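Per TrEMBL, these features apply:
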- 12-292: domain 'PNPLA' (DOMAIN)
- 61-65: motif 'GXSXG' (MOTIF)
- S63: active site, nucleophile (ACT_SITE)
- D279: active site, proton acceptor (ACT_SITE)
Amino acid sequence: MSNNNTKLQIGLCLAGAVSAGAYTAGVMDYLLEALEAWQKRKDNNTPNTPMHEVEITVIGGGSAGGMTGIITAAAIQEHFEPIRGLGGDLNKQQPQHKLYNAWVDLSSNDMLSVMLDAQDLKGGKLPSLLNSSFIDGIAKKITTVSTDTPPKRPYFNPNLKVFVSLTNLQGRSFKVPFMGGGANDYIVKYHNDYACFMLADSESDYKKDGWMPLNFQKKLNTVVAEQAAMATGAFPVGLQARTLRREVKYLKDLQLSRVNYKESIDLDDKLYHETLNIDGGILDNEPFQLMEEILGMDEKDKNTETFDKTVLMIDPFPSVGKPEKMQENSLIPNVLSLLNVLVTQSGIQPQTLAQLSQQQGQKNTLDPFMISPVRYEKKKNIETKVEGGKALACGAVSGFSGFLHKEFRIHDYFMGRANCEKFLRDYFTVPADTTNRIFTEGYKHVTDKTMFITEDEGKKRLPIIPLFTPEQSEGYMPVFSNGAQWPTVSPVHFDRYKKQLKERIGLTIFNVLPNAPLQVGAWTMGKLGFNAYLAEKSLTQLNEYLKEHELIR
């Protein structure tokens, strides 16, 4: 099957990350910078510029990835400069840059104090282990854009599709008829869900396909987008579950292989349908297959010579290294492993893995593309490659360590930028002798291809997204307060939070108990030092986790 197109459509699949969304934000910042620089050269007819078109058609993801997709859709409505460096002020806020502001600045330079604040527990409530009310402010901030005309960005589809995965706690209910002496209807529930948006000018652009028209300037469905962003990132137990309110017509019209509300018995004649949701990464952390479906990919897109659609995955926590050993068979480790099992199982599905395995080694096979964390550290003059979550400063404490110190988030943001540059230059490529029309036409008038060509195992390659700056020996990384380019904190850094942690532990225990006698007992235990003991043990364990990740100096 030949390819007569001259445009490559890309779907960005953004995996879950918890606080390592800072890494994904950095990747996105560099990607947008590269696309904008290339577009300006094309607009100005600058000599030696590849002229093929690349279009981001869909952005989708779960958890932090889904949140970043919505942030990106809002960010491109305004002009912003990439953040290439910070000068001497690491704590300076960057409100003009939605990606950096949402993931690195968050709502405070001291996020642990914000998340330990016990105000949300007053009145007997227990929404989550940590105070997550700050997320409401961030969601409102990221969906608020200038009313000016958005800048032209031809590298985005004007009707960009954005979706987030959800874990719908109510689920979608369906009747399945059975023959028997008892009830004839068997109720089946599915809890995977998706909130799907499409950038549009107005509601009249709705195509009756379930993709909600989204316009940030006109505030069209922006409240739903805010709710969806918070819902997909509602890490279970740790962060508060979130309500999502959607018009029933959008749910009934949505026809995707992984979600279909049309025959659900939950929908009635009301205008809106509300669901309570937690982290979408639990049931679909890497919506790779759904991305392929939305793009309309087929057999030709598995071959370098014919593809005109592809998926680019950004995954801060890919599975790397050796298989894990069997753990101790006891209650607490088993419970802690359950969430990891659910998230891992929700990754790329077995049928897709089988297809990828069959393709390996075949001529002109197009392997999937992925950007994931890589850094190099030198100890005793020996350089070691560190990959995946271990490369992230936000990768400790199951991805929550980024909330502990802003410098951890800053590190991962700039590592994301550096990794993206390396990926675009060396890995997001096609053979230099390709016959794919997108690239033969795109590079047709380039007189000097040497500035773009890289080599992989002796074979010359051309970039899909060309860069016009020379390769640096190493990416920018600020010097942190410890004088190094890997951030650390002192062993006593978290002692300042003992009082807050003690109060939050006490109120959490008090609120979870069902009656007054037990609450009186908990109050008495607290007065006798039990809450202080738990706070001390928690901080000791936290330091151990950070030591394992080399974040304690």
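Glycine residues also receive a Cβ, built from the backbone N, Cα and C atoms like all the rest.
Quantities reported herein were computed from a predicted structural model and do not represent experimental measurements.
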Secondary structure composition of the motif 'GXSXG' (61-65) [DSSP: H/G/I, E/B, coil]: 2 helix, 1 strand, 2 coil
Close approaches to the motif 'GXSXG' (61-65) from elsewhere in its chain (Cβ under 8 angstroms; 6 or more beyond its ends): 12-21, 24, 164-165, 232-233, 235, 279-281, 283-287, 314, 316, 346
Number of other Cβ atoms within 10 Å of the Cβ of D279 (active site, proton acceptor) across all protein chains: 30
Mean per-residue pLDDT computed across the domain 'PNPLA' (12-292): 94
